[in-house]
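Some features that TrEMBL has for this protein:
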type: TRANSMEM; residues: 26-47; note: transmembrane segment
type: TRANSMEM; residues: 68-87; note: transmembrane segment
type: TRANSMEM; residues: 93-113; note: transmembrane segment
type: TRANSMEM; residues: 181-203; note: transmembrane segment
type: TRANSMEM; residues: 209-234; note: transmembrane segment
type: TRANSMEM; residues: 322-342; note: transmembrane segment
type: TRANSMEM; residues: 362-379; note: transmembrane segment
type: TRANSMEM; residues: 400-420; note: transmembrane segment
type: TRANSMEM; residues: 440-464; note: transmembrane segment
type: TRANSMEM; residues: 476-497; note: transmembrane segment
type: TRANSMEM; residues: 523-544; note: transmembrane segment
Amino acid sequence: MALQGLVDWRGRPVNQKRHGGVKASMFIHFLIVMANIANIPMILNLVSYLHGTMHMGVKDASTTSTNFFGAICFFSFLGAFVSDSYIKRFYTILIFAPIEIMGYVLLAFQAHLPSLHPPPCDMINRPNECAPVSGRNLSLLTLGLYLIPVGEGSLRSCAAALGGDQFDGDDPAELHGKISFFNWFAFCISLGGFVGLVFLVWVQDNEGWGLSFALAAIMVLVGTVVVSGGLPFYRHQKPTGSPLARIFQVFVAAFRKRKLSLPENVTEMHVATDSTGTSVEFMQRTSDFKFLDKAAVDDGDTRGRSLCTVTQVEEAKIILRMLPIFLSSVLGNVSIPLLLSLTVQQGGTMDTRLGGTSIPPASLFIVPIVFQMLILVAYDRAALPWLRRATGYAGGVTHLQRVGVGFASSVMALAVAAVVEGCRRRSAASAGAPPMSVFWLTPQFFLLGVMDVTSFVGLLEFFYSEASAGMKSIGGAIVFCILGVASWLGSFLIQVVNHATARQGGGHGWLDGANLNASRLDLFYWLLAVFALVSFFLYLLCAWRYTYRHDPRMQAAVDGDKVSPA
């Protein structure tokens with residue numbers, strides 16, 4: 001991205017040597033680590049709190065937890081829209097981070113004060129004697145739970161875009177740093193999750209949820225204070241007005257002018273941008289979606305907002321081009337949260353001993369996170385320079401190729417999981433046979449790590465780089481929206497499969513009951529593998545048909561300290 005439209009904190013043009021770069025991105029990486037120390041244990045262990053402390057039923061607790069994660073993804077659009085339209089990304093973070101902190105503080109008070117939550121009882125042996133949270137306490141719980149997504153969702157989308165703003169993709173000297181930023185962004189998410197699952201989960205189990213929520217609030221506060229210290233070093237993208245309004249205007253104007261003929265000469269179309277002030281980026285007219293080009297034709301209509309610029313039209317075209325990638329990526333991600341959660345349930349039925357110590361099943365979430373961190377470091381430090389030399393691409397591979405590797409890994413992970421589960425069921429059915437070791441799950445955990453490293457980072461890079469300069473935050477929010485929609489579809493898929501197999505199996509579905517040995521998780525894994533394979537080929541079709549805004553082979557490739565044309 002060129003430095004046009006970027007300013008320092010005082011509104012002056014940026015100094016490339018003083019502002020941006022790795023120095024500025026380190027503050028953002030620190031914020032991501034601290035926020036995810038608080039957030040990831042919350043996402044993964046929320047059901048335990050709602051069921052064990054607030055005495056919700058399993059169904060209500062699971063639904064609330066799923067809605068909590070979905071709300072984070074939804075509110076990422078809120079922060080992205082605000083930062084792209086009206087307020088700089090940095091100030092959007094400063095506005096929404098205290099909202100997240102307030103949510104954790106409310107939950108901390110509720111968990112600590114006995115009058116604000118139901119009295120303790122035995123939810124395992126005597127659940128009928130336990131009164132679930134209700135009334136004002138339920139309202140307080142809901143308020144605290146949904147203040148956190150308002151802040152966290154905005155922080156996620158704005159932090160990714162703010163970090164991308166610190167590197168100029170058109171400058172070969174900064175291109176390497178920009179490519180690495182998103183790798184280390186994902187590494188910091190994993191690092192924060194690792195620390196949180198080791199430290200905060202221990203606090204939850206041994207010291208109580210009140211202290212855990214309080215520490216989570218402190219983590220986000222410290223991250224916000226540190227990222228504020230980087231203010232003098234940041235490059236800030238000036239807001240360009242509502243991108244959604246600009247795109248909606250294009251569709252309305254194109255519909256009004258649908259009977260007009262397109263001029264042969266592009267100079268007869270409205271190309272001005274400076275007078276409108278709606279964009280910091282000038283885009284040339286492209287040949288696809290010609291019906292939208294009519295929005296930029298001056299037909300003499302004097303009604304307000306009836307004439308769009310070519311740049312506005314191109315912004316709308318970008319959204320339409322990315323839509324098939326978005327939809328196919330949602331389908332490609334459906335199986336991942338299911339595989340992760342079901343693998344942990346598998347581990348709970350296996351031999352979890354490591355030497356003389358038993359590993360709690362909830363701690364198995366740490367295993368794929370460790371693999372993700374190791375793979376990210378190996379990819380960025382070793383594989384990426386080699387791939388760059390071998391392929392000529394500045395990023396080693398294109399963004400969509402990287403995502404495709406992740407989806408292929410998910411197919412293999414599901415197939416491996418199905419084979420391992422089949423072996424585990426046969427071992428459990430054999431009288432006197434010792435349970436399988438939990439370390440048989442290592443291959444699928446490894447493939448899950450590969451999938452996350454490639455697909456998540458690839459999608460983040462893709463939507464950020466392909467979005468126009470006025471939609472960078474929304475580009476990052478789209479990735480989290482993909483994860484949220486995929487999670488909801490996964491929950492729906494479980495219900496559909498259970499209902500269908502229960503009708504065929506005399507009332508017992510593949511995933512019914514608490515006994516995994518009586519279920520057919522292996523068959524469900526095979527079904528997911530087929531679903532993932534079909535989704536993979538659909539994604540390949542969409543990726544093959546996609547045309548990048550900037551040809552990756554035309555970008556400058558960085559090889560160590562040398563710069564050579566790709």
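Yeah, the Cβs are placed from backbone N, Cα and C, and that goes for glycine too.
Source: prediction; values computed, not measured.
Taking Cβ pairs closer than 8 Å, the transmembrane segment (93-113) reaches residues 31, 35, 38, 49, 53, 79, 82, 87, 137, 140-141, 143-148, 150-152, 154-155, 158-159, 162, 208-214, 216-217, 220-221, 223-224, 227-228 in its own chain, all 6 or more past its ends.
If one looks beyond the transmembrane segment (181-203) by at least 6 residues along the same chain, the residues whose Cβ comes under 8 Å of a Cβ in the stretch are 25, 28-30, 32-41, 44-45, 159-160, 163-164, 166-167, 211-212, 215-216, 362-363, 365-366, 369-370, 372-373, 376-377, 379-380, 384, 452-453, 456-457, 460-461, 464. When the stretches 209-234, 362-379, 476-497, 523-544 are ranked by Cβ pairs under 8 Å to the transmembrane segment (68-87), first place goes to 476-497.
Sequence-distant residue pairs (6 or more apart) of the transmembrane segment (322-342) and the transmembrane segment (476-497) include at least 3 whose Cβ atoms are under 8 Å, placing the two stretches in contact. Tertiary neighbourhood of the transmembrane segment (26-47): same-chain residues 58, 61-62, 64-65, 68-69, 72, 93, 100, 104, 148, 152, 155-156, 159, 162-163, 166, 184-185, 188-189, 191-193, 195-197, 199-201, 204, 212, 215-217, 219-220, 222-224, 226-227, 229-230, 233, 362, 365, selected by CB-CB distance under 8 Å and a gap of 6+ residues from either end. Away from its own ends, the transmembrane segment (476-497) comes close to residues 66, 69-70, 72-74, 76-77, 79-80, 153, 156-158, 160-161, 164, 322, 326, 329-331, 333-338, 456, 459-460, 463-464, 509-511, 524, 527, 531 of its chain (Cβ-Cβ under 8 Å, at least six residues beyond either end).
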